[in-house]
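Everything below concerns the one structure shown next.
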Amino acid sequence: MRLIRNIYIFCSIVMTAEGDAPELPEERELMTNCSNMSLRKVPADLTPATTTLDLSYNLLFQLQSSDFHSVSKLRVLILCHNRIQQLDLKTFEFNKELRYLDLSNNRLKSVTWYLLAGLRYLDLSFNDFDTMPICEEAGNMSHLEILGLSGAKIQKSDFQKIAHLHLNTVFLGFRTLPHYEEGSLPILNTTKLHIVLPMDTNFWVLLRDGIKTSKILEMTNIDGKSQFVSYEMQRNLSLENAKTSVLLLNKVDLLWDDLFLILQFVWHTSVEHFQIRNVTFGGKAYLDHNSFDYSNTVMRTIKLEHVHFRVFYIQQDKIYLLLTKMDIENLTISNAQMPHMLFPNYPTKFQYLNFANNILTDELFKRTIQLPHLKTLILNGNKLETLSLVSCFANNTPLEHLDLSQNLLQHKNDENCSWPETVVNMNLSYNKLSDSVFRCLPKSIQILDLNNNQIQTVPKETIHLMALRELNIAFNFLTDLPGCSHFSRLSVLNIEMNFILSPSLDFVQSCQEVKTLNAGRNPFRCTCELKNFIQLETYSEVMMVGWSDSYTCEYPLNLRGTRLKDVHLHELSCNTALLIVTIVVIMLVLGLAVAFCCLHFDLPWYLRMLGQCTQTWHRVRKTTQEQLKRNVRFHAFISYSEHDSLWVKNELIPNLEKEDGSILICLYESYFDPGKSISENIVSFIEKSYKSIFVLSPNFVQNEWCHYEFYFAHHNLFHENSDHIILILLEPIPFYCIPTRYHKLKALLEKKAYLEWPKDRRKCGLFWANLRAAINVNVLATREMYELQTFTELNEESRGSTISLMRTDCL
């Protein structure tokens, strides 16, 4: 605690120094910590740039003149809690920048003074001086602000040497104080005086003189061994020339009558704010409480904090009434294990009441209490259970601020609540309140704290809290962010540590006024429902408290621990309307593409061909190789256009067929089966022929059925070789005349894989020889016999005609 106090005071000094002379940017504080290292002398290897040196809690017993020569920039030196017995301030003559020097809690018996003009803080308290260690040089330290002293004797002459200094704080820390000359303290010129008394010290004289000395007076370690009552019963409790307006008594252990007299004494002084902290009292009450004089006072505030009772022989009701009858504005009785409180049966002037951390119950509000000026009521840390009962009490006051946290409060739906329209701030945290609490809130509330309760949802029947600006509903059981339809002015919302998986869209849309949101540490489910919430931090003016480390995914498991800002949810997968539009556009584009292909590439024709090929492929798979060979009946199938039939009839057929029937030709007209479709007949003819001859001309490429025949022949699945197609170019075909679907034909023509009909009749012999050689197949004798017999039967059935030249074109 001592070190903390030193650091606090040092920070104050540094801030003051910076206000007088701002440091340059390159000048930085460098702290060297050598505390609690059992050092017996100051280290010789200190860094020259050191500005703060802590040598506290060591074994130093003497300081040498050369100890601090190397640290010329030293500003703060802490030497408390060592064993130093003598001090020569000339040791610091080279430390011109020294501002803070702490030598408290040593064994100092003497000090040799040297003018340290820049010193602002000097603490010599809790040492072994016989008298106050003050001389003329101390009076020349014009910048001194905080001074700590100690000594076994206090005399007026000690303080005369520094009476002209205006000090901020004087701290007197005594190990023993057997002698005090009355009237010594008022000589000091200080704003605050803090006295730490040793045991068995008559504090009364110091209290009287202290009130005459400073505006703020603090006294620590007051016990009842000083015979205060017997001493003061012989003296007048009145006091003249009082200066103190703030009085703090800390660590007080007195009989009740002693405390009673202190209250009465202070009541008639200049003290406006009186605080007693860590007080223990007991014993019998000999003084009459009704004798307390409440007149002639400037008292405004009384605080009793951390009150403990020993064996007590007085009714506590009398104590409560003694305090509540005081005509003051502010009363605090906290941490006192107080089971109840009594008020007079007439109106009081209390504006602020603090009964925190007691054991008050609902019985407090079952009596009539007249508080027409009450604005702040603090009842946290008690045993209150019924919220509606509190509201009925508050309705008779102009209450503005109410703290009911850390109680046992509940509210039932059938209980009526009536609050004054003045309530603006209410703390209901750490209770047992459920959803029904929203039906028992003042309409005027502006700041509401409901954290650590049992709230699961904000009911739709909630009172419209149009003035609510801040709502803290953290550490509850909510599964969704509350909408702002009932809180139209809400600007700050804290909803961390609930069970929110996916905040609803209603919050994003209805809470446009929210500027600060704390929704961290919730088990977020990172799906599309969370997309709008994630975008709040980026695309809105909402400040997300704790973003982004406190906002992580809990579900799905593969994203657990992932920060929300690192989760990427695609707009297409989360926006149903956009997804539908995208699908429609894609389908439309595909439809247009298919339509274009159908028009430009004759796609329907290819689809029909694919279907026919598929049927043929399935049929071929079910047919054995022997059956396939047995089905072959012709050497060649001839495909041609009707416009080229004369050439086929007059030239091709006569030159290919022989009278011995060694070459069998299949023509479409001759073997057409009326029971099958045209495409099935074409497939059948191609399957029953070893070769397919195509008579090419401009007429051929314009014929639809010729294209079918070429397509099926090209994809003849039972031919293992690729030479089963024979092309005869009857007339030249310009490439631009060939439709796109004839891409295979184009490729063959480019390779010149065809027989060209010669215009010179003398070359025809060679043409027919090549053609016969191309279609001539070595057929087994048995096969030839079978084929000849079948062919003869077919010829007889067709009236003895060997070849029919009838052809149906472009059916």
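Quick reminder: no glycine exception, Cβ is built from N, Cα and C everywhere.
Keep in mind it's a predicted model, so treat the numbers as computed, not measured.
According to Swiss-Prot, the features are:
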REPEAT    24-46  repeat 'LRR 1'
CARBOHYD  N33  N-linked glycosylation site
CARBOHYD  N36  N-linked glycosylation site
REPEAT    49-70  repeat 'LRR 2'
REPEAT    73-94  repeat 'LRR 3'
REPEAT    97-118  repeat 'LRR 4'
REPEAT    119-139  repeat 'LRR 5'
CARBOHYD  N140  N-linked glycosylation site
CARBOHYD  N189  N-linked glycosylation site
CARBOHYD  N236  N-linked glycosylation site
CARBOHYD  N278  N-linked glycosylation site
REPEAT    296-321  repeat 'LRR 7'
REPEAT    325-348  repeat 'LRR 8'
CARBOHYD  N330  N-linked glycosylation site
REPEAT    398-419  repeat 'LRR 11'
CARBOHYD  N416  N-linked glycosylation site
REPEAT    422-442  repeat 'LRR 12'
CARBOHYD  N427  N-linked glycosylation site
REPEAT    444-465  repeat 'LRR 13'
REPEAT    467-488  repeat 'LRR 14'
REPEAT    489-509  repeat 'LRR 15'
DOMAIN    522-576  domain 'LRRCT'
TRANSMEM  577-597  transmembrane segment
TOPO_DOM  598-811  topological domain 'Cytoplasmic'
DOMAIN    632-775  domain 'TIR'
Distance [Cα-Cα, Å, rounded] between N330 (N-linked glycosylation site) and N278 (N-linked glycosylation site):
19
Any idea what DSSP makes of N427 (N-linked glycosylation site), helix, strand or coil?
strand
Report, as numbers and ranges, every residue of the chain located at least six residues beyond the repeat 'LRR 2' (49-70) whose Cβ falls under 8 Å of a Cβ in that stretch; write 'none' if there are none.
3, 10, 29-42, 76-88, 90-92, 94-95, 97, 102, 107
Cβ under 8 Å to the repeat 'LRR 11' (398-419), counting only same-chain residues 6 or more beyond its ends: which ones?
356, 372-388, 390-392, 425-434, 436-437, 439-444, 449
At the Cα level, what's the spacing in Å between N36 (N-linked glycosylation site) and N427 (N-linked glycosylation site), rounded?
44
Quick check for the class: what is the C-alpha distance, in angstrom and rounded, between N189 (N-linked glycosylation site) and N140 (N-linked glycosylation site)?
15
Looking only at the repeat 'LRR 4' (97-118), what are its DSSP counts of helix, strand and coil residues?
0 helix, 6 strand, 16 coil
Number of Cβ atoms other than its own within 10 Å, given for N330 (N-linked glycosylation site):
16
Count of other CB atoms lying within 10 Å of the CB belonging to N427 (N-linked glycosylation site):
21
May I ask which of the glycosylation sites N33, N278, N416 is closest to N140 (N-linked glycosylation site) if we compare their C-alpha atoms?
N33
Any idea which of the glycosylation sites N36, N278, N416 has the thinnest Cβ neighbourhood at 10 Å?
N416
Between the Cα atoms of N416 (N-linked glycosylation site) and N427 (N-linked glycosylation site), what distance do you get, rounded to the nearest Å?
19
With DSSP, how much of the repeat 'LRR 13' (444-465) is helix, how much strand and how much coil, in residues?
0 helix, 3 strand, 19 coil
Work out how many Å separate N278 (N-linked glycosylation site) and N427 (N-linked glycosylation site) at their Cα atoms, rounded off.
26
Below 8 Å Cβ to Cβ and six or more residues apart, same chain only. Which residues does that give for N33 (N-linked glycosylation site)?
D54
Can you count the other CB atoms that lie within 10 A of the CB of N140 (N-linked glycosylation site)?
15
